[in-house]
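Residues or ranges marked as domain 'GST N-terminal' in TrEMBL: 44-125. The feature domain 'GST C-terminal' is assigned by TrEMBL to 129-255. Annotation source TrEMBL lists region 'Disordered' at 273-327. The compositional bias 'Basic and acidic residues' annotation in TrEMBL covers 284-294. Positions annotated as domain 'EF-1-gamma C-terminal' by TrEMBL: 321-481.
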Amino acid sequence: MFFISLKSSQNSTVHHISSSQSSSSSPVGRFSVPQFQSFNSVAMALVLHAPASNKNALKALVAAEYVGVKLELAPSFQMGVTNKSPEFLNVNPLGKVPALETPEGPICESNAIARYVARLKDAGLFGTSTFEEAQIDQWCDFSSMEIYTGVARWGYPRFGMGVYNPEVEQMAILASKRAFECLNKHLAARTFVVGHSVTIADIILTCNLLFPFEQVLTKEFTSSYPHVERYFWTMVNQPSFKKVVGKIIQTDGPLPPPPSKGEAQALVPAQVHPQPHGRHTHKEKVPKQKEMPKPAEAPKPVEAPKPVENDDEEDAPVKKSKNPLDFLPPSPMVMDNWKRLYSNTKAKDFHLAISGFWEMYDPEGYSLWFCDYKHNDENQVTFVTMNKVGGFLQRMDFIRKYAFSKMCILGESSPYSIKGVWLFRGTEIPQMVKDECYDVELYDWTKVDITQEDQKALVNAYFEEPDEIQGMKLLETKCFK
């Protein structure tokens, strides 16, 4: 009796698959390589050799989350040390990471590793036809050779990972713009790069976009490619992605000036690949290396448990992360009371709930806002349009306690319109909404003037869900409460 034990050192579960076949093993380098005829016939553990923050390693880790297989990261892996050891070079003579330890032997090249992991269980990551599978391969190659390579040639020299040449940099910038224009056009009417659900192409493409968004491309650059922005933020906020990469923060500053030769040599390759939370910058690490000779500073990192303890305190009573909206003057209107009233009212009786809303509405403590999607001409496909709204509401989850909304998809045929109404605590759209949710910039916002009967009637219509709103057929509604 044999089993497959796939485990991770980071709070993972263990999956067991039984089999009645036997296996034997033979060593290759430091990897133990059992010989077997099929995947289910051997006791095994998949071990990924790479730094945890390496974007190429993230491809396999995210793929593992989607298929329900856990990878074990090799402990104490040091970039520039472990991958230069004779044992590692025996597996990959180029010393590149990641490398995956499997029962059949090691696998190198990140895309190949991600594909292997994605095929361990059928989760639909390779499309529904031979044609879609070919398209998936196409976009995997495109994301690596066009998207990532262009931005890497642009950004790496700025971080000391190569010789800086202004002419080469300009060529890299132009190449990056062409690649992003191509991807932006492709995503105009699509939620995912291939088909109607996440594939391995989306996983590889998004991982290849992490370094550009976190380290090189500011909002000024990416705003020219709104569909790429929408796609990227949709993907990194998927549960399986977020579990691996954490919170992503787009860089907001210009690239550092070209480093001197001494600075370039001081940087190490691992620094180019951001931490999953994107909080470490190259600018912070260079001066730290200059200060390292001071022995007096060595004990200071030992005091790090103090902020960690503060983090634990935040998680317990949630007092430290007190929302600024909690400090607004008290209001006679209670959001939960309105949500409860609306939720407990049948659709045919929504007019009764609306009457109750206006009785409790407090314009000094709350505000109503109409929103209208700026790019409605692009909404050619119903499910893609619905996915846009769904993704928007998903990314607004952090404000759920202080907001209520009815979002509507309108139109009998394409292009469809996305419109809606939002109720926010406070007299303005909360600043945190503008800061945290990219989608807000994709909408035109108009504050409702409740003294105008036509505007008040439109609010009623959004809440009541009639057959038509503003002369357009009501196709779909989504309630955020």
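Residue 1 is the first one shown; counting continues down the chain.
Glycine too: its Cβ is placed from the backbone N, Cα and C atoms.
What TrEMBL says about a protein is an automatic prediction, not a curated fact.
Taken through DSSP, the domain 'GST C-terminal' (129-255) splits into 91 helix, 0 strand, 36 coil. Residues in the domain 'GST N-terminal' (44-125) partition by DSSP class (helix H, G, I; strand E, B; coil) as 31 helix, 13 strand, 38 coil.
Model confidence over the domain 'EF-1-gamma C-terminal' (321-481) is summarised by a mean pLDDT of 92.
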